[in-house]
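So the structure is just underneath, and the comments pick up after that.
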């Protein structure tokens with residue numbers, strides 16, 4: 001049985017207002033998708049393709065207008081009480097906006113431990129040990145736990161944001177453009193750390209991005225969204241080639257995953273840039 005099953009899901013939003021005619025905007029239509037435990041898939045598409053809306057449906061933040069999202073065989077929209085609490089512990093979302101995920105008046109350590117206070121029975125000592133271990137796992141130091149969000153760089157804050165998502169040992173983590181504001185080297189470092197976690201613990205990942213190079217670096221399978229529909233799905237291989245025009249456009253715009261050396265005017269290699 002798949003860990004996550006999206007069955008013929010559609011979603012729409014109200015449009016219009018006081019001075020405009022009301023109507024509906026269909027943002028997702030006929031989405032079918034499965035994810036297995038320990039798998040990493042990429043949701044690839046340009047802005048407005050429906051990626052972030054699908055992420056919200058996967059985590060039960062919104063109920064689909066049509067179809068069903070099931071996690072471990074249970075309809076996500078029907079979970080209540082202890083079942084809902086268990087689901088919140090099992091599935092985590094990381095947004096692009098790291099500053100918005102933290103209370104500016106609370107320390108980084110306090111924020112990372114927040115899911116542990118609400119979703120687990122850990123005592124204070126265990127929470128502190130888990131927080132420090134997560135910081136180290138994400139390439140941060142123990143002293144960062146005492147700092148306020150505004151005292152960290154953007155890259156450090158996003159790593160702390162991911163550490164917070166991993167705190168309660170979820171089975172699934174959805175990264176919604178979570179690496180978009182980071183430089184390429186830091187993106188790769190974080191993905192290497194998450195890949196090690198995936199292999200070690202069997203955590204599944206959904207990487208939502210418009211950057212094909214990151215999807216190719218991290219994911220086992222790629223799903224291409226366009227106009228609210230899945231238009232192509234392929235395993236990630238070194239010779240990945242899309243048939244759909246949107247996929248080919250994204251492929252043409254791809255940046256190299258690693259910095260490339262270029263020849264100097266004298267034909268000698270120069271340092272990577």
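Glycine too: its Cβ is placed from the backbone N, Cα and C atoms.
Among the features that Swiss-Prot reports, ATP binding site is placed at 45, 46, 47, 48, 49, 50, 51, 52, with the record citing sequence analysis. The domain 'ABC transporter' annotation in Swiss-Prot covers 13-252 and is backed by sequence analysis.
When each of the binding-site residues 46, 49 is scored by how many other Cβ atoms sit within 10 Å of its Cβ, 46 comes out lowest. Each of the binding-site residues 45, 48, 50 was scored by other CB atoms within 10 A of its CB, and the lowest score goes to 48. Same-chain residues that are not part of 45, 46, 47, 48, 49, 50, 51, 52 yet have a Cβ within 8 Å of the Cβ center of the ATP site turn out to be 210, 225. Residue 51 (ATP binding site): 22 other CB atoms within 10 A of its CB, across all protein chains. Across the residues of the domain 'ABC transporter' (13-252), the predicted structure has a mean pLDDT of 93. Secondary structure at residue 49 (ATP binding site), taken from DSSP and collapsed to helix, strand or coil, is coil. Cβ environment of residue 52 (ATP binding site): 176, 177, 208 lie under 8 Å away, each six or more residues apart in the same chain. Summarising the environment of residue 47 (ATP binding site), the number of other Cβ atoms within 10 Å of its Cβ, over all protein chains shown, is 8.
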